[in-house]
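To start, the structure under review is shown below, and the notes come after it.
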Amino acid sequence: MSARSRGTVGLVRTDRRTGALLRARGATVRVDGTTLLDGVDLDVLAGEVLVVVGPNGAGKSTLLSVLAGDRAPDAGTVTFDGAPLATVRPAELARHRGVLLQENRVSFPFRVVDVVRMGRAPWRGTDAEDRDEDVVARALDDADVTRLAARRYPTLSGGEKSRATFARVLAQEPRLLLLDEPTAALDVKHQERVLARAREHARAGGAVVVVLHDLALAAAWADRVLVLAGGRVAADGAPAAVLTTDLLTAVYDHPVDVLPHPVTGALLVLPRHAAGTVGAPADPTAPTAPSLAEDLA
Amino acid sequence: MTATVPTDAPADGGTRTALPGDDPRPLPPAVPGRVAWLFGGLTAALAVLAVVSAGSGQLHVPPDEVLGALARGLGLDLGPEPSHPNGYAALWTIRFPRVVMAILVGAALAAAGALMQGVFGNPLAEPGVVGVSSGAAVAASATIVLGVTVAGPWTTAGAAFLGGLVATFAVYALARSGGRTEVVTLVLTGVAINAVCGAVLALFTFLGDTQEREQIIFWQLGSLNGTRWAYVGIVAPLVLVGLVASVLMARRLDLLALGERSARHLGVDVERLRIVAVVVVALLTAAAVAFCGIISFVGLVVPHLVRMAVGPGHRVLVPASALGGAVLLLAADLVARTAVPYADLPIGMLTALVGGPFFLWLVRRTRRQAGGWA
């Protein structure tokens, strides 16, 4: 109930942009002579969902690890709420930012509910500890894993693990959510659910950084899109301004069409498929079509 | 499909399938109800075994007389006195210190195993398997052969601690990669460290005189024979400090199971936790090894059984393993003393005899699980 009211209140969002929660200036990361991240400037603002996209090796995960404080940039600065990120104590930082990584293994057969309860660890010894069970219950529900609460984590499927970990991050109640490919293993329903929850978090005054591969999802859920290419910022702005046919085609080195949805007017991002050239699917004489039909029959 | 899908749809009650009893159903409890039974059962088993063990052997003392002797020794005039003329003295000078030592050493080894498994994120980590015990034994036998007595009666224990520490850090540095330790690397590192320590032990055996040789062989076999109160007095504080430190670390070890990065994201100072844990493992192992030699597999078998019974949460696992280890070693020592009349079998041989096959089974099981070898 409180979740819903937070969602509606947050609709007046532009006013909430009081300043950057996280600010990177000239962030550069080099590994063995290779520059993974090259002078990235970035402001993560409260109240918005920032989606980071880019081809493989563009530096998306590296950027996220720099923003999370896992890796100090070799050059440039990252500040959290005005303070250099490296000077914020891990325990303090854990109450303000949660991170969902791509790979989420758990070494021992903990139950899902145990894993989600671990998200409450930063709040031990504070007044917030009293709300632990409520927060955990809501996080389980938000990630749609309440049914799996008593299951052993290692027995879950990839998508279920991803959702259980998302619940753990939500239980942490951070202002800043850093999500690395949260939807990669998820079905359509849960992709929508996770990103809707992320947007709700932003509307309630939080900040969200999401790394996504799916440009259609990026177009649908981003308030702002950062396009990375070769470790540099290729574009940073509103989805409609950034996600253009020209830019995406250049960055991905592959034809990508961006057009308005015929009914809703929403942004559609469609990578061209070699197999999907005009006429091919409808052409009954095409050699692949009958065999496909036979296979299906 | 409409364009106006509300962003808060997932929070809307309508989209969730309302299962019967969905909302009122409480979450599974953090600590299962079985835990109380486990602790109760283990404590009872420990008490019964301690009394039976103290009364068993060449000189048999019935349980009520054991309790009577215990009470009298503590200044209470309760229960019957041992009927055998030497009963009281035998209990207090030989049996009781040995029983207490078995409890301490069992608790130390099992807790060290649980701790090490938590730090390495690997259920096969164990002081004996990965070579920490033999590292401690090498340093301890060095003090025997080289006649080092810088710290008086604490010399051997101190050397064992240092040797264990060096071995633990060696394993830690060699077997870890990307914050995790894979089974193959860990076991092979253990093979290498055990081989080196075995060679050094062999060298000391070669260099030593007859009496020193006997002492070194005793390290390798492991035995509680000849335990005196003075030894207990040295081992007990080490074990108590180690156990308290282990229990204090338990919550953070849970978080470590999520992986190094995720643990750090939840506020754990991972490097410090690892180093403290490694020191505590060395402390507990040294305490166990200092006077009793290498007793392997206790730290492997016990935490595994506890995990099967009540799950992997370290807040329960660490104390329950300590208790279970005490029970196991007390039982093993009882067998060692009574299985063959007039003979005191090496307890390390017994635990290895049972633990070895268990280890094999565990390796096979781990292998079947995805990622066990990856």
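From the backbone N, Cα and C atoms, a Cβ is placed for every residue, glycine too.
Note that the structure is predicted; figures quoted are calculated from it, not measured.
According to TrEMBL, the feature region 'Disordered' maps to B:1-26.
Under the heading transmembrane segment, TrEMBL lists B:35-54 (among others). Using a Cβ-Cβ cut-off under 8 Å and counting only residues 6 or more beyond its ends in the same chain, the transmembrane segment (B:35-54) has close neighbours at 61, 63, 66-67, 70, 91, 95-96, 99, 102-103, 306, 309-310, 316, 319-320, 323-324, 326-327, 330-331, 333-334, 337.
What TrEMBL records for B:99-120 (among others) is transmembrane segment.
Residues annotated as transmembrane segment in TrEMBL: B:132-151 (among others).
Positions annotated as transmembrane segment by TrEMBL: B:158-175 (among others).
Look at TrEMBL and you will find B:187-208 (among others) tagged as transmembrane segment. Sequence-distant contacts of the transmembrane segment (B:187-208) (same chain, six or more residues past either end, CB-CB distance under 8 Å): 124, 129-131, 134-135, 137-138, 141-142, 144-145, 167, 170-171, 174-175, 215-217, 219-220, 363.
Sequence annotations record features per position, and here TrEMBL assigns transmembrane segment to B:229-250 (among others). Sequence-distant contacts of the transmembrane segment (B:229-250) (same chain, at least 6 residues past either end, Cβ-Cβ under 8 Å): 97, 100-101, 104-105, 107-108, 111-112, 114-115, 118, 153-154, 157, 161, 273, 276-277, 280, 283-284, 286-288, 290-291, 313-315, 317-319, 322.
Sequence annotations record features per position, and here TrEMBL assigns transmembrane segment to B:275-304 (among others).
Annotation source TrEMBL lists transmembrane segment at B:316-336 (among others).
Residues annotated as transmembrane segment in TrEMBL: B:342-363 (among others).
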For the transmembrane segment (B:158-175), the distant same-chain contacts (Cβ-Cβ under 8 Å, at least six residues beyond its ends) come to 119-120, 127, 130-140, 142-143, 148, 151, 181, 185-186, 189-190, 192-193, 197, 238, 274, 278-279, 281-283, 285-287, 289-290
Residues outside the transmembrane segment (B:275-304) whose C-beta sits under 8 Å from one of its C-beta atoms, at least 6 past its ends, are 101, 104-106, 108-119, 123-124, 126-129, 132-134, 136-137, 140, 156-157, 160-165, 167-169, 172, 218-224, 227, 231, 234-235, 238-239, 241-243, 245-246, 249, 253, 317, 321, 324-325, 328-329, 346-348, 351-352, 354-356, 358-359, 362
Sequence-distant residues near the transmembrane segment (B:132-151) by C-beta distance (under 8 Å, 6 or more away from its ends) are 112, 116, 157-164, 166-168, 170-171, 193-194, 197-198, 200-201, 204, 207-208, 212, 215-216, 219-220, 281-282, 285-286, 288-290, 293-296
Spatial neighbours of the transmembrane segment (B:316-336) not adjacent in sequence (6+ beyond its ends, CB under 8 Å) are 31, 35, 38-39, 42-43, 45-46, 49-50, 52-53, 56, 98-99, 102-111, 113-115, 118, 223-224, 243, 246-247, 249-250, 253, 295, 298-299, 301-303, 305-307, 310, 344-347, 350-351, 354
